[in-house]
Each structure stands twice: as structure tokens, then as C-alpha cells.
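What Swiss-Prot records for this protein:
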- 35, 38, 58, 63: Zn(2+) 1 binding site (BINDING)
- 78, 81, 101, 106: Zn(2+) 2 binding site (BINDING)
- 152-175: compositional bias 'Low complexity' (COMPBIAS)
- 326-368: domain 'CCT' (DOMAIN)
- 147-176: region 'Disordered' (REGION)
- 208-228: region 'Disordered' (REGION)
- 30-72: zinc finger (ZN_FING)
- 73-117: zinc finger (ZN_FING)
């Protein structure tokens with residue numbers, strides 16, 4: 001461990017070595033606290049765990065003995081009086097001071113004192129050096145991207161024949177270094193960003209058109225499937241056709257983007273309608289009278305605003321189930337209910353056989369001992385009943 005902290009830097013402020021020091025002008029602190037270990041060298045650190053002032057050699061010898069001793073907290077000795085542990089560090093003077101010396105030194109100066117804990121001086125120094133080196137490396141790397149010193153030096157070496165050539169080369173090198181190179185860099189950045197934006201916009205448009213085409217194809221396939229099922233199982237009147245007609249009529253009024261958003265909203269809405277209808281039809285004995293479409297103020301929000309999809313008179317009609325359809329559905333439900341089979345299956349045959357063989361008392365299962373007790377009671381009661389007639393003992 002290296003504890004070379006240098007000499008005292010507060011001789012003039014505290015009065016050491018001159019007027020109030022009591023020692024020579026060129027000498028250090030003659031009253032520095034000696035090391036508690038060797039009693040020969042001045043102490044440089046203070047160990048709080050051992051409550052001892054140690055020099056650099058004694059500190060290395062004592063605290064390097066084992067791991068427990070190496071974990072002891074140690075602080076520097078005050079650089080002004082060299083007789084007390086340092087409590088804080090002054091950034092302006094780059095020195096560690098105890099409380100008394102801090103008050104004595106900074107009370108004479110009207111400037112505000114900037115102090116930090118003494119234990120964090122070393123950590124802050126390491127962090128500061130790392131950040132400074134990192135900033136310098138990044139700055140050097142950034143300027144290396146724009147450097148053309150090798151090209152400029154080659155031009156200057158090849159064109160040193162006369163003064164005119166030197167002037168021309170110097171002008172061209174200056175232009176290339178300070179103007180042409182920077183302008184070229186910024187122009188390229190602007191052009192590249194503009195070109196990249198144009199390419200991204202074109203790709204987004206092509207991707208959007210492709211998505212619109214896929215959505216239209218999916219919607220057409222869904223319409224075909226619903227049209228095929230409409231004659232056999234669909235109970236609600238055809239809503240897909242009405243919605244598609246209104247979509248085609250709306251395409252001529254609004255733009256392509258609004259039309260695409262409207263088709264997406266309609267497809268989502270039709271999916272919800274089909275789900276609600278299929279769920280209601282599966283319920284036993286419950287036939288809904290109307291669907292969500294009966295609400296007159298149902299709207300679909302699009303980026304262009306709220307568009308009323310059911311403002312036309314054809315869609316405002318109440319979608320009630322006809323009586324024939326209701327009767328057919330009820331009859332079909334009853335037929336399915338009659339066709340249900342409820343068969344009793346014996347899960348454990350051995351248990352059934354054992355239950356049939358077990359003894360019972362008044363219909364309930366009984367243990368073997370209980371049966372024997374009951375039989376004994378029956379015989380005892382029979383004997384008592386026989387004794388009521390009277391028996392003559394024979395000797």
C-alpha cells in the first residue's frame with residue numbers, strides 16, 4: 001500500500017514554519033504525530049478499528065496480515081496539523097483536513113467552502129480519470145472520420161517546385177480540410193436522410209396497398225362462405241351484402257385511406273355479429289329476438305371521424321326472427337333432446353359385488369361384529385320369552 005501523500009500545503013495559512021509555527025521556515029511539521037507502531041516515522045493514516053495512527057510501512061504490515069485486518073476502515077491524517085484524522089477534503093486546495101483545521105483555514109477566506117467526505121476522494125479521482133480518457137478517445141475517433149492529413153501531406157510533398165504551386169496546394173488543402181470536407185459530410189448526411197425517407201415512404205405505401213388487397217380478398221371469401229351457409233343455417237337476414245353495398249357507395253365519396261379503414265371496421269363488426277349469433281344459437285331453449293344491430297346509434301370510429309354505417313333506411317329495419325324459423329329451431333332442439341341417451345354404466349364391478357355381499361341391518365351396511373351382537377340379542381330374547389312359561393329346576 002502506497003501512502004505517499006506529499007508534504008504539508010497549509011504552512012502559510014495555519015501559521016506553520018513562520019509566525020505561529022514555532023519551527024523553521026524550510027522545515028516541515030516538527031510536531032507531527034509519530035506512528036503508534038514503530039514510534040519513529042510520522043503517521044499518515046488513522047485506523048478507526050484499531051484506533052491507531054500508523055505510518056505507511058506499519059499500515060502495510062499490520063493490515064496485510066489477514067483478510068479481516070485488510071477490511072479495516074482507514075482515513076488520512078490531517079495535512080495541516082498532522083495530529084488528527086481527516087474529516088473532509090477541500091477540492092480547491094486538494095487536501096484532507098480535520099474539523100479544527102477546516103474551520104481555521106476557511107474562516108479567514110470569505111469564499112464559500114466546497115467540501116466532500118474524505119473517504120470518497122479516491123473513488124471520485126478514479127471516476128474522473130476514466131471519464132476524461134473516454135471523452136478524449138471519443139473525440140479523437142470522431143475527428144479521425146474527417147481527417148485527410150495523409151492526402152494533404154502527399155499533395156504538399158509533390159508540389160514544392162515553386163511558390164505558386166505551394167500557394168495553390170495550401171489553398172486547396174485548406175479548402176479540402178475546412179470547407180470542402182465538412183460541406184461534403186453535411187451534404188451527404190442530408191441527401192442520405194432524404195433519400196432514406198423517400199424509400200421508407202414508398203415501402204410503407206406499397207405495404208399498405210398490399211394489406212388492403214389482402215383484407216379485401218379475405219372479406220370476399222367470408223362473404224362467399226356466409227352466402228353459402230345463408231340458405232341452410234343462417235337465421236339472421238343477410239347483413240354482409242348490405243354492408244358491402246354501403247362500402248362500395250362510400251368508396252366514391254371518401255378517399256382510399258378512409259375506405260380502407262372503413263372496410264377494416266366493418267369486417268371487425270361483422271365478425272362480432274357472427275360470433276354473437278353463433279353463441280346465441282347454441283344456447284338450449286333460448287332464441288334471441290334481436291341482435292346488436294338494432295341499436296340506431298351504433299357507430300364505428302375511423303381516423304377521419306365517426307361515420308354512421310346504419311343511417312340508411314334498409315339497415316334500420318328490426319332484425320326479428322320469423323315465426324317459422326323459431327318453430328323449426330324449437331322442433332330441432334326437442335328432437336335432439338329426445339335422442340339423448342342416458343345409460344347407466346357400472347364403473348367398478350368389484351365394488352358392486354362386494355356391496356351386494358355385505359351384511360345389512362335395516363338396509364344399511366353393518367360390520368360382522370355388529371351382526372353377531374344382533375344375533376346374540378335375538379337368541380337371548382327368545383330364551384327369556386321361553387322362561388315366562390315357568391320351569392321347575394331339577395336337582
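Any Cβ shown, glycine's included, is placed from N, Cα and C.
Swiss-Prot feature annotations superimposed on the structure.
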{"residue": "35", "record": "Zn(2+) 1 binding site", "DSSP (3 states)": "coil"}
{"residue": "58", "record": "Zn(2+) 1 binding site", "DSSP (3 states)": "helix"}
{"residue": "63", "record": "Zn(2+) 1 binding site", "DSSP (3 states)": "helix"}
{"residue": "78", "record": "Zn(2+) 2 binding site", "DSSP (3 states)": "coil"}
{"residue": "101", "record": "Zn(2+) 2 binding site", "DSSP (3 states)": "helix"}
{"residue": "106", "record": "Zn(2+) 2 binding site", "DSSP (3 states)": "helix"}
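Counting in whole angstrom, residue 35 (Zn(2+) 1 binding site) lies 28 from residue 106 (Zn(2+) 2 binding site) by their C-alpha atoms.
Of all the binding-site residues listed here (38, 78, 81), it is 38 whose C-beta has the fewest other C-beta atoms within 10 angstroms. A gap of 18 Å separates the Cα atoms of residue 78 (Zn(2+) 2 binding site) and residue 58 (Zn(2+) 1 binding site).
A gap of 21 Å separates the Cα atoms of residue 58 (Zn(2+) 1 binding site) and residue 81 (Zn(2+) 2 binding site).
Highlighted in sequence order, 36, 37, 41, 43, 52, 54, 55, 56, 57, 59, 60, 61, 62 have their Cβ within 8 Å of the centre of the Cβ atoms of 35, 38, 58, 63, the residues recorded for Zn(2+) 1, and are not part of that set. Taking only the Cα positions, the spacing between residue 63 (Zn(2+) 1 binding site) and residue 101 (Zn(2+) 2 binding site) is 28 angstrom.
Looking only at other Cβ atoms within 10 Å, the busiest spot among the binding-site residues 58, 101 turns out to be 101. Cα of residue 81 (Zn(2+) 2 binding site) to Cα of residue 38 (Zn(2+) 1 binding site): a span of 20 Å.
Mapped onto DSSP classes, the region 'Disordered' (208-228) shows 21 helix, 0 strand, 0 coil.
In the predicted structure, the domain 'CCT' (326-368) carries a mean pLDDT of 85. Its Cβ placed at the centre, residue 35 (Zn(2+) 1 binding site) has 21 other Cβ atoms within 10 Å. Look at the zinc finger (73-117): DSSP puts its residues at 9 helix, 14 strand, 22 coil.
Residues in the domain 'CCT' (326-368) partition by DSSP class (helix H, G, I; strand E, B; coil) as 23 helix, 4 strand, 16 coil. Between residue 101 (Zn(2+) 2 binding site) and residue 38 (Zn(2+) 1 binding site), the C-alpha separation comes to 26 Å. Using a 10 Å radius centred on the Cβ of residue 106 (Zn(2+) 2 binding site) and all shown protein chains, the other Cβ atoms total 19.
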